[in-house]
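A quick write-up on the structure given underneath.
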Amino acid sequence: MQNYVISLDQGTTSSRAILYDQQGNIVKSAQKEITQHYPQSSWVEHDASEIWGTQSGVLREVLETAGIRPNQIAAIGIANQRETTVIWDKESGKPIHNAIVWQDRRTAPICEELEKQGLKEYIRQNTGLVIDAYFSATKVKWLLDNVNGAREKAKNGQLLFGTVDSWLIWNLTRGHVHVTDYTNASRTMMFNIHELDWDDKILDVLDIPREMLPEIKESSEIYGYTDEHTLGGAQIPISGIAGDQQSALFGQGCFERGMMKNTYGTGCFLLMNTGKDPVISKNGLLTTIAWAIDGEIYYALEGSIFIAGAAVQWLRDNLKLIDTAHDSEYFAGKSDESNGVYVVPAFQGLGAPYWDMYARGAIMGLTRKVGKAEIVRATLESLAYQTRDVVDAMKKDSQLQLQTLRVDGGACQNNLLMQFQSDIIGTTVERPSDIETTARGAAFLAGLAVGFWDKFDLQKVQQIDNKFTPEMDSQERENRYAGWQKAVERTMGWARDS
């Protein structure tokens, strides 16, 4: 009997597999970290073979440790780090280069050239995105231009492109299926969100052959089956795909227009469900596809913050101020406030709503009174301030008032941060009992496609662990936020040559 769904959650720092029962409970999980490669300043890469190796490894591990046979699995769903770009040889299945990660900034000069060509407004209106090295399109161009023989092979139909979801499905099906879903396609800067197809004008400008791109499918349907050699002969339907942030929006149950969530991971990612009509931002946000199910497309506004949890890792690994990420709450709590200190973690530039590829990190407001506690606290507060930047932009674009912010991801377990988040946005923050909503969303999408769950089931399993309500008065809130805005302004354009 098929009593379970498995979610494969392939993130920036690790690959995970989570096993769910029909009540939406986590039965077992497994996780393996993946190596970060930094070959040059502002370059970030992953070994695509390691991504597959770790992901297939945890898939097998979670079955073995749970004592579950593959034929007991009803479906597999995939949530993945978005924009990260893999190009591989169609025949051998081997990547031609390391995957270029979403954080990588090497293609900033290509982005500048696109702006000089007057494509800024065309790309914003048709893809919903801004021209930035964050997205896949310029990464594909860079790989075709810089890997020996790649462009010729691509034109001859010998190479395939995919975001991480495509790469995993290709391997799960042993090269039989080359697909992506609308959510991931909408993050490439090559996809027209109105025509719901690859954009020929952008492909032509970047000289990217359409033939190397995956077929685009809905977020909840059967794309293919695991190859008989992958999981002991079992052919399990792969039936749910969503980029990690859209998956979290779905996993949080943000099914109605105006509902919003924030995921605190390596970066911070806020998404607001805007319903069946795309809202083109005038305030530095992205317009993206939330999900596509049963022929209906739902859109979202997104604010992408590049550095969030990664700033806490920086405190631990680079500055050695803390031993573990969990220590951050303890040390931050030793100071009642950050004493006018602001940390702007623009290590890879600034994302929404600023979109400055040349901003760099800074600590502002240092005095002799400042010690470890203040710097740790200011670093945590930077996550909340960046969230406020995006929340304000979303209110302007959507013309909707935010009632509640739903949160998930590792850092949302930090009570001090969640209280400050509520204080600085002046809104209730809700934390669910299961904070692994990214994996949950992919599981839900997969289960829906095979009839394991229905929409009513998904609404029943949403449970709130804690609510944080504002305790800071409005004048203090605005004074602190004004200091943040001043600090951000100082960091902008820092790494520009001229």
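The backbone N, Cα and C atoms fix where each Cβ goes, and this holds for glycine too.
Record check: Swiss-Prot places ARG82, GLU83, ASP244, GLN245 at the glycerol site, and the matching candidate among TYR20, TYR134, TYR298, TYR299 is TYR134. According to Swiss-Prot, the residue from GLY93, GLY162, GLY175, GLY410 that belongs to the ATP site alongside THR12, THR13, SER14, THR266, GLY309, GLN313 is GLY410. The DSSP secondary structure for GLN313 (ATP binding site) is helix. In the three-state DSSP scheme, ARG16 (ADP binding site) is classed as strand. The Cβ of SER14 (ATP binding site) has 14 neighbouring Cβ atoms from other residues within 10 Å, across all protein chains displayed.
For the sn-glycerol 3-phosphate site, whose binding residues are given in the record as THR12, ARG82, GLU83, TYR134, ASP244, the maximum C-alpha distance rounds to 15 Å. All protein chains shown were included, and the count of other CB atoms within 10 Å of the CB of THR266 (ATP binding site) stands at 25. Sequence-ordered, the extra residues of this chain that approach the sn-glycerol 3-phosphate site, with Cβ no more than 8 Å from the Cβ center of THR12, ARG82, GLU83, TYR134, ASP244, are GLN81, THR84, VAL101, TRP102, ARG187, GLY243, GLN245, GLY267.
In the shown protein chains, 20 other C-beta atoms lie within 10 A of the C-beta of ASN414 (ADP binding site).
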